[in-house]
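For reference, the structure discussed in these notes is given below.
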Amino acid sequence: MRQRIAVVGGGPGGLTFARVLHRHGHRVAVLERDPAPDARPPGGTLDLHEGLGQLALDKAGLRAEFEALSRPEGQAMRILGTDGTVLRDWRPRPGDRANPEIDRGQLRDLLRGPLDVRWGRGVTRVTPGTPDGVLVRYADGRQEPFDLVVGADGAWSRVRPAVSPATPHYTGVTAVETSLDDVDTRHPQLARLVGDGSMAVYGVNRALVAQRNSGGHVKVYAQFRAPLDRSADLDPADAGLLRSHLLALFDGWADPVLDLLRHGAGFALRPLHVLPVDHTWPHVRGVTLLGDAAHLMPPLGAGANLAMLDGAELAEAVAADPADLDGAVRAFEERMWTRAGRWARVTAAGLERLVSPDPAQALALFDEVQPA
Ligand SMILES: Cc1cc2nc3c(=O)[nH]c(=O)nc-3n(C[C@H](O)[C@H](O)[C@H](O)COP(=O)(O)OP(=O)(O)OC[C@H]3O[C@@H](n4cnc5c(N)ncnc54)[C@H](O)[C@@H]3O)c2cc1C
């Protein structure tokens, strides 16, 4: 008998799950809240690691397409002092494809491919254990039963309450995101400053990171420690005020670095939240979580990778024995929890050192993780 499988959320985790199942000839309903693929800006660039995101793409049969789209040169990383001095200038060797970058929008389109995503399908509640199976309730009040519902709906998951009472808590660090377009022609100096990949500057309890995306687009992340209520007072809609706030916060830093904030267009506020490091739950028949919904952690380059590998592994487990959905989900959960717990500890410690009272910690971390 065909199993009724749904994944809530069409982010990297949900789409990888659906795409790998599709590759194995299984149908899955992808329920996505956004009304259309381009309903909101897709976000910045992601580095996909060998053995994590890249392994997931292998499982989806998308290696060649990824290699055509991704930017190995985007692995370059430069660290400046707050006075603009270049402290580290790391570039990948020719042929190094350990962590190439890809725009999030390109990755979404690559994964989406032939999938029939149900756009505008916001899920409000999931109820397991009914006589019909697991009931999914939509924002318009309608309900639909499934045999397996996978919550891949991110940080503020509406599926999570069906299995776990955990909710994300604030890390103490807020990121404000802005961006610059067409940097090579409009801001050639800034284009050189950022280089082919990322540039970071670390100060006392604050950091500024700029990342090149494709097409001359640069995303800038100003990160700082602040109480949640104070960062909530910042209004991203008032760009002038927010810009002056940031320039005051980063006062004294080198002018070319501050130009990234002066020329940034549009701001988004992202107080960084995380789930408890060892988040697990008593197994619930017919419902599970993956990606940020299961293990939200600081954005240190692992979250999308883990979400994708979760999705690919769960899909493979389901495809291997569709008659034993519950067994497949149980085995997947054990494996995901172990891996996610390890990464949650690494990224939590990493955030403490990158946005730290002692900026030397950030440089030391870079030297520990970056191959010479
Ligand atoms: C600034 C920043 C930079 C980052 N950089 C990196 C990086 O370089 N590398 C990396 O690996 N990770 C990075 N991350 C982390 C990464 O973005 C996340 O871990 C990843 O997107 C998680 O994928 P996901 O599929 O689990 O969830 P999401 O990407 O959050 O996708 C969830 C999807 O579910 C949908 N949804 C939400 N609620 C509902 C609902 N109720 N009903 C239906 N649909 C719903 C959403 O619209 C969305 O499409 C970064 C994060 C941030 C904030």
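Glycine residues also receive a Cβ, built from the backbone N, Cα and C atoms like all the rest.
Among the features that TrEMBL reports, domain 'FAD-binding' is placed at 5-173.
Summarising the annotation, TrEMBL assigns NADPH binding site to Arg40. Residues within less than 8 Å, Cβ to Cβ, of Arg40 (NADPH binding site) and separated from it by at least 6 positions along the same chain comprise Asp34.
Its Cβ placed at the centre, Asp47 (FAD binding site) has 22 other Cβ atoms within 10 Å. In the three-state DSSP scheme, Asp47 (FAD binding site) falls into the strand class. The annotation FAD binding site is assigned in TrEMBL to Asp47, Arg104, Asp292.
The domain 'FAD-binding' (5-173) scores a mean pLDDT of 97 in the predicted structure. Proximity of the binding-site residues (Arg40, Asp47, Arg104) to ligand 1: a Cβ under 6 Å from the molecule is found for Asp47. In this structure the residues listed as binding FAD are Asp47, Arg104, Asp292; their two most distant Cα atoms lie 16 Å apart.
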